[in-house]
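Annotated (6S)-NADPHX binding site per TrEMBL: ALA44, GLY107, HIS176, ASP255, in sequence order. The AMP binding site feature in TrEMBL is assigned to LYS221, GLY222, PRO223, ASP224, THR225, GLY254. Annotation comment: TrEMBL describes 9-309 as domain 'YjeF C-terminal'. What TrEMBL records for 121-143 is region 'Disordered'.
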Amino acid sequence: MYREARVVSGSTAMKEALRKSSSSHKYTHGHALILSGGPGHTGAARLGARGALRIGAGLVTLGVPPAAQQEVASQITAIMLKQVKDAAALANVLQDDRLNALCLGPGLGVERAKDLVPQALSVPAPEPGRPGKPRDPGSGPGLRSVVLDADALTAYTDNPETLFAMLHQRCVLTPHAGEFARLFPDIAEKLKAPATKGPAYSKVDATREAAARAGCVVLFKGPDTVIAAPDGRCSINSAQYDRAAPWLATAGSGDVLAGFITGLLARGLAPMQAAEIAIWLHVECALSFGPGLIAEDLPEELPKVFRALGV
Ligand SMILES: NC(=O)C1=CN([C@@H]2O[C@H](COP(=O)(O)OP(=O)(O)OC[C@H]3O[C@@H](n4cnc5c(N)ncnc54)[C@H](O)[C@@H]3O)[C@@H](O)[C@H]2O)[C@@H](O)CC1
Ligand SMILES: Nc1ncnc2c1ncn2[C@@H]1O[C@H](COP(=O)(O)OP(=O)(O)O)[C@@H](O)[C@H]1O
């Protein structure tokens, strides 16, 4: 079991993970599918899709219900679009095993989330000789990476165990404090309780316990974001003191973060590394843009942040 929690920081390893080789093509960098909600509720998924594309996924497709197709089509260009009416339609779209990273939750709606999440988490039959091996982008069937955020978490408020039973090693949950308390009410209570004896139960303890219970990476958002894996690995990304980024407290910034993680998963990064790099870049984008930041600005700031990092 790991004991220390690392502090996430920009590093050579991060730069290397983000760099693209000149001999690659778009499918080398994976294909992300971001599921959208219905008409009037497509903004959050579009924010996530823009984040996934800017962070380097080779292709990004929005999966929209037919009624929202026109609304979404009129707002996108490099991002592609596919109709995903319901779980059966999603199963059909997922026949394309090049779609290697999915994002569900931003603006999805709780009822649509209940329908789509089980299908998104269904594990394709393993190739002979490769049982359960996570796939590299474009390298045939394997576990798909799945980011669950917002409504995909809230959908399981009454039965979190049902969700935990479906999660696997390529999943990442990205709750804010409200969503965390819906999925892990007992852990949230412990975190809230005053320390009466000994050291206080911290956000690091809480996130570790949540990741162990969920069986996948949990990224617990806030001014200090904690990322933990089921094996106890844990890191902290601070947006306080010299990295204070209060302008991140703006509608849709979490949706962009979900897209950043999905894009890095599509590129083949491991869930823990994808979550750590995404949250670090998220704060860097906010710091680089400065006051006046809104969610749309975050993906558009990435090229500048990449240049500063030397990617
Ligand atoms: N531009 C867009 O299209 C946006 C769409 N959004 C989507 O709108 C849907 C609903 O979002 P809501 O904001 O209503 O749902 P939330 O679950 O974020 O908020 C519902 C309630 O949860 C609590 N809560 C929220 N954030 C908290 C925090 N950090 N700590 C503690 N408690 C907290 C508050 O009591 C709040 O009233 C989601 O699908 C979301 O993705 C939002 O992300 C905002 C932007
Ligand atoms: N005061 C703050 N300082 C730094 N980061 C913050 C602050 N408040 C929120 N954030 C970050 O902004 C994002 C907000 O996400 P979320 O609560 O899901 O909002 P939304 O659903 O509107 O996208 C998270 O990444 C969180 O870590």
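Please read every residue number as a count from 1 along the shown chain.
Yeah, the Cβs are placed from backbone N, Cα and C, and that goes for glycine too.
These numbers come from a predicted model, not from an experiment.
Sequence features annotated in TrEMBL and their locations in the structure.
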{"residue": "ALA44", "record": "(6S)-NADPHX binding site", "DSSP class": "helix"}
{"residue": "GLY107", "record": "(6S)-NADPHX binding site", "DSSP class": "coil"}
{"residue": "HIS176", "record": "(6S)-NADPHX binding site", "DSSP class": "coil"}
{"residue": "LYS221", "record": "AMP binding site", "DSSP class": "coil"}
{"residue": "GLY254", "record": "AMP binding site", "DSSP class": "helix"}
Inset, instruction - Quick one: among the binding-site residues GLY222, PRO223, GLY254, which has the most Cβ atoms sitting within 10 Å of its own Cβ? - result: GLY254
Inset, instruction - Determine the binding-site residues, out of ALA44, HIS176, GLY222, ASP224, ASP255, lying near ligand 2 in the sense that the CB is under 6 Å from one of its atoms, and give them in sequence order. - result: HIS176, GLY222, ASP255
Inset, instruction - For HIS176 ((6S)-NADPHX binding site), find which of the binding-site residues LYS221, ASP224, THR225, GLY254 come within 10 Å, Cα to Cα. - result: LYS221, THR225, GLY254
Inset, instruction - From the binding-site residues listed here (ALA44, HIS176, LYS221, ASP224, THR225), select those whose CB sits under 6 A from an atom of ligand 1. - result: ALA44, HIS176
Inset, instruction - Round to a whole number and give the Cα-to-Cα distance in Å for the pair LYS221 (AMP binding site) and ASP255 ((6S)-NADPHX binding site). - result: 12
Legend entry - Cβ-based neighbourhood (8 Å from the centroid) of the (6S)-NADPHX site, residues ALA44, GLY107, HIS176, ASP255 excluded: LEU47, GLY48, GLY105, PRO106, ASP149, ALA150, ASP151, GLY252, GLY254, ALA258
Legend entry - Distance from GLY107 ((6S)-NADPHX binding site) back to GLY254 (AMP binding site), taken between C-alpha atoms, in Å: 11
Inset, instruction - State the count of C-beta atoms found within 10 angstroms of the C-beta of ASP224 (AMP binding site), not counting that atom itself. - result: 14
Inset, instruction - Mind telling me which of the binding-site residues HIS176, LYS221 has the densest Cβ neighbourhood, counting other Cβ atoms within 10 Å? - result: LYS221
Legend entry - Near-site residues: AMP, ref LYS221, GLY222, PRO223, ASP224, THR225, GLY254, CB cutoff 8 A to centroid: HIS176, PHE220, ASN237, ALA239, ILE279
Legend entry - Count of other CB atoms lying within 10 Å of the CB belonging to GLY107 ((6S)-NADPHX binding site): 25
